[in-house]
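Before any comments, here is the structure.
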Amino acid sequence: MRDRVKGLLALLATSLIWGSSFVFIKLSVSDIDGVAYTFYRSLIALALLTPALLLGRSKFNKGNFRKGFVVGLSYVSGLALQGVGTQFTTPSISAFVTGLNTVFVYIYEFLRGTANKVKLVASLALSTIGLYLLTEPAGELGLGVVLVLIGAIAWAAEIVLVGVYSAELTQSTISFLYGLLLPGLFITPYVALHANTLPSLNTVLYIFYLSLFCTIIASVLQVVGQKYVPAYAAATIYLLEPISAAVFSALLYGERLSPIQVVGASLIILAIYIVSK
């Protein structure tokens, strides 16, 4: 029971931290492009992890590093697509669309034969209508929403893989995180060769927050939480991410959703809730 409570609290904190990220992502990609943002976020997070690896008690674990690298291919892809997509949409819309990763996880479970068809159809219908309303007044998927939506598929793959590996990772989480972040450095040639890739001091501070709290701390909490909490319960807790993102966006960015967009966001939340039960 105590372990379950610990897991629930870890996932609750994860959702709130992730929710805070969207405003700072938007502020970052308003200064540099989304690909460069992904590079700096990975680089700073790796730099922050290095002292912990060198001075910590846990030894470098090659197996966990390899697992982290596999997960990192999905993680960095999601990060980049979300970053570029958020350049063309708002923090709240980005958060609610990203939240659809839970529906994509359920599609994966359905293809494996472990999910309910009625729930799948209902969630897909609700999320489709929700997306239409959320993107008003155009009522169509713009470039930003499409990129964030594809990124949500990458996040879904990351969630599935973390669930597969979580029982093996808590003894050497730093090694896993190193592998997770390493694919972000593959973007180095892009940053070196393209313009608009040098961040301002404010952007460095935004990305520092994202690297420390939303990458390192949240990833550790996610791994710990998913060890003690079943996937369906974890998915329900993750519903708090887009809700907290909307609150942070209203407080820090001044964003306000229209009544129609609130209805759309609510339908997406309902779709995610259906597949998480």
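Each Cβ is built from the backbone N, Cα and C atoms, and glycine gets one as well.
Nobody curates TrEMBL annotations by hand; they come from automatic prediction.
With helix defined as DSSP H, G or I and strand as E or B, the domain 'EamA' (6-135) counts 108 helix, 0 strand, 22 coil. Look at TrEMBL and you will find 6-135 (among others) tagged as domain 'EamA'.
The transmembrane segment feature in TrEMBL is assigned to 39-56 (among others). Sequence-distant contacts of the transmembrane segment (39-56) (same chain, at least 6 residues past either end, Cβ-Cβ under 8 Å): 32, 76, 79, 174-175, 177-178, 181-185, 187-188, 190-191, 197, 199, 204, 207-208, 210-212, 215-216.
The transmembrane segment annotation in TrEMBL covers 68-85 (among others).
Sequence annotations record features per position, and here TrEMBL assigns transmembrane segment to 91-111 (among others).
Outside the transmembrane segment (118-135), and at least 6 residues removed from its termini, the chain residues within Cβ reach (under 8 Å) are 93, 96-97, 100, 103, 106-107, 110, 141-142, 145, 149, 260-261, 263-268, 270-272, 274-275, 277. Here TrEMBL flags 118-135 (among others) as transmembrane segment.
Using a Cβ-Cβ cut-off under 8 Å and counting only residues 6 or more beyond its ends in the same chain, the transmembrane segment (141-164) has close neighbours at 67, 70-71, 74-75, 77-82, 84-89, 93-94, 97-102, 104-105, 108, 131, 135, 222-223, 226, 231. Residues annotated as transmembrane segment in TrEMBL: 141-164 (among others).
Predicted-model confidence for the domain 'EamA' (143-276) is 87, expressed as mean pLDDT. Residues or ranges marked as domain 'EamA' in TrEMBL: 143-276 (among others).
Among residues of the same chain six or more beyond the transmembrane segment (176-193), those with a C-beta under 8 A of the stretch's C-beta atoms are 35-36, 38-43, 45-46, 49, 53, 60-61, 64-73, 75-76, 79-80, 165, 169, 215-216, 219-220, 223. What TrEMBL lists as transmembrane segment is 176-193 (among others).
TrEMBL lists 205-224 (among others) with the feature transmembrane segment. Long-range contacts of the transmembrane segment (205-224) within the same chain, counting only residues at least 6 positions beyond its ends with a Cβ under 8 Å from a Cβ of the stretch, are 6-7, 10-11, 13-14, 17-18, 20-21, 24-25, 27-28, 37, 40-42, 44-45, 48-49, 162, 166, 169-170, 173, 176-177, 180-181, 199.
Sequence-remote contacts of a segment are chain residues at least 6 beyond its ends whose Cβ falls under 8 Å from one of its Cβ atoms, and for the transmembrane segment (231-253) they are 8, 11-12, 14-16, 18-23, 26-27, 90-92, 94-96, 98-99, 102, 105, 163, 225, 265, 268-269, 272-273, 275-277. Annotation comment: TrEMBL describes 231-253 (among others) as transmembrane segment.
The transmembrane segment annotation in TrEMBL covers 259-276 (among others).
Tertiary neighbourhood of the transmembrane segment (91-111): same-chain residues 19, 22-23, 25-26, 82, 85, 117, 119-120, 123-124, 127, 130-131, 134-135, 144-145, 148-149, 151-153, 155-156, 159-160, 231, 235, 238-239, 241-242, 245-246, 248-250, 253, 255, 257, 261, 264-265, 268-269, 271-272, 275-276, selected by CB-CB distance under 8 Å and a gap of 6+ residues from either end. Taken through DSSP, the domain 'EamA' (143-276) splits into 117 helix, 0 strand, 17 coil.
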